[in-house]
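Copied from TrEMBL, the annotated features are:
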type     : residues                                         : note
ACT_SITE : B:CYS512                                         : active site, proton donor
BINDING  : B:ARG315, B:ARG351, B:ASN464, B:ASP465, B:ARG475 : phosphoenolpyruvate binding site
BINDING  : B:GLU441, B:ASP465                               : Mg(2+) binding site
COMPBIAS : B:9-21                                           : compositional bias 'Low complexity'
DOMAIN   : B:178-248                                        : domain 'PEP-utilising enzyme mobile'
DOMAIN   : B:275-550                                        : domain 'PEP-utilising enzyme C-terminal'
REGION   : B:1-21                                           : region 'Disordered'
Amino acid sequence: MAQRHVKIRSKVGLHARPAALFVQAAARAPMDVTVAKLGGNPVNAKSILAVLGMDARHGEEIVITAEGESADQVLDELEAAVNVEAGDA
Amino acid sequence: MPDGPPSPVADAGGADAPASGSAGVLTGAGVSPGVGAGPVVRVAGSVPEPAAATHGGTPEDVRAEQAAATAALEAVAADLEARGDRAAAAGNTEAREVLRAQAMMALDPGLADGIAVRIGEGTTAARAVFEAFAVYREMLAGAGEYLAARVTDLDDVRDRAVARLLGLPVPGVPRRDDPFVLVARDLAPADTAVLDPAQVVAFVTEEGGPTSHTAILARTMGVPAVVACPGAADLAEGTPVLVDGAAGTVRIDPAEAEIEAALSTSAVRASLTAASTGPGATKDGHAVPLLANIGGPKDVRAALEAGAEGVGLYRTEFLFLDRATPPSDAEQEAAYRTVLEAFPQGKVVVRALDAGADKPLAFLPPPGQEPNPALGERGLRMLMRHPEVLSAQLGALARAAAGLTVRLEVMAPMVTDVAEARAFAAACAEAGIDHPGIMIEVPAAALRAGDLAPEVEFFSVGTNDLTQYACAADRQIGALARLQDAWQPAVLDLVALTAEAAADTERGCGVCGEAAADPMLACVLVGLGVTSLSMSAPSLPLVRAVLARHTLAECRRAAVAARSARSADEARAAARSELPALADLGL
């Protein structure tokens, strides 16, 4: 099982465009992927409604979990999606 | 085209407006000039909550309901994606992101699970969809302010899916390939996010007054519009109509010749209008600066293209809407500076934040329940309660104007008496704003304009609210359109009193309400002593052309004639008889 802690650097948090890209990337993954706020309950990373409902904001840390051969590559993509707008922050 | 059964046809351009509902013609309030002809396309109304009901309960029923739910959600997602692509093709990438996120909501796996469980338990597809959405709705509504705004998006997805399952029209503006006339009970801002001005040739609404969102949107887009039009809601989809946004008429099943005549008059007007350029002035050279009403930096280009000499009303609310905290000083300063820099030789009149009533802000909640918000703590009254918001805005404006050649004027909304005018002027002085002014929207302020004038440097008459308060007629209630008419002689009297008080004290007196956009009324206002006119950018060219064809003396005679009338219609007719060149422009 591969797990990654990601700090949200995008100003809008895990909402709007970052959330859409994150969920799209998760949906492409062949395995189950979950995401949770640090210490919170994990939710399905392929569900836009669950991800939005988590309400992860700028500066918070999330934990993404995936299992399987290409898990690391999937986590790389997801981490990039989370902070896609961090550059202009 | 086959002739229908003979029916009395209203004489196009006849002076007596046909009564509403007379054969072939509907009459409402013309709120955005121009002529448009095309088939009716209706905006579907709201989608009801599906009744709690069960299906037959057999495995076949479960499969059929499940298949229906899945198909409906997939169709909704595909439609939203397609709308997003069209919005992006039209340059609106922001709308595409919202629509794409909505498409993802429709295909959400968690939502699908929730629907499947309910259908498995015997619930019908429509009800199962409704209930499954409700779970997420509650979750999002309970979270932060950003998510609360997403609830609207979620509800829209739900309504689209439920409408498909119940066989109801999908809410919103349907997709058409040919130009059409958009007909609705009233248009919500959400209905219009993906409207293509090249496709919508006119708006017609059953409700909404001359200052409703539909009217303002239509003028901003430069599309002819008739509002408060009884019978509009009964127009059948596809019916050909001819809309005259100046006369306020909707001709049903017009003859080809009639359409051609109307379009050619409209074209003549357009060419004469295009020929008038330069600063606003009467025929005999009396200068009347023509300014634009804007909502922010995005409107500056249209204002410059329409030849605006400056900004007569910068509505700063848009910077403050949909957020939980006020914009930072730096953000405000940047937005203001962008606007100020666009008019190096002109002036920009900024209205201090006008919150409350129909424009509530999350961080400036009303202090308590207001049974009558239009008469409550709004405008300057609200700013006096939150002086830190006012001083931050004035400070940002002063910094934004520093070093620029533009003349910055700042005015307070909803001022009633001397104490308020004085307090606002003092706040401006403290912030380093040199030219404070006040809006005249409250009849009390108009009646005692002579007392208010020494406190500030200028007046700007907000005719929309002034009319609403003078006639005690809510702006959003279509049934009261007759009373929301700035031609009401009582309103003209109030404007006259204000302009006279301004002239006596050598102050400017502008008009920044929608009345300034009515070309005939613009002449009357100048005749009453108004010194500048501010309006939506698309209205500027026609007003400029009409002013340039009349002398100041003619405008004054028209003003006297209008004030001598005993009704709004009489005032129009009386003014028209003194303004001979209106006919040249087909008005």
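Including glycine, each Cβ sits where the backbone N, Cα and C put it.
As the structure is a computational prediction, the values presented were derived from the model and not from experiment.
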Cβ neighbour count within 10 Å of B:ARG475 (phosphoenolpyruvate binding site): 19
Of B:ARG315, B:ARG351 (the binding-site residues), the residue whose Cβ has the fewest other Cβ atoms within 10 Å: B:ARG315
Local backbone state of B:GLU441 (Mg(2+) binding site), from DSSP in three classes: coil
B:GLU441 (Mg(2+) binding site) versus recorded positions B:ARG315, B:ARG351, B:ARG475, B:CYS512 - nearest by Cα: B:CYS512
Residue pair the residue listed as 'active site, proton donor', B:ARG351 (phosphoenolpyruvate binding site) - Cα distance, angstrom, rounded: 11
Residue counts (helix, strand, coil, in that order) that DSSP gives for the domain 'PEP-utilising enzyme mobile' (B:178-248): 16 helix, 19 strand, 36 coil
Cβ packing number for B:GLU441 (Mg(2+) binding site), 10 Å threshold: 25
DSSP state at B:ASN464 (phosphoenolpyruvate binding site), helix/strand/coil: helix
Under 8 Å by Cβ from B:ASP465 (phosphoenolpyruvate binding site), same chain, sequence gap 6 or more: B:MET414, B:GLU441, B:VAL442, B:ARG475, B:GLY513
Other CB atoms within 10 A, centred on the residue listed as 'active site, proton donor': 27
Other C-beta atoms that fall within 10 angstroms of the C-beta of B:ASN464 (phosphoenolpyruvate binding site): 21
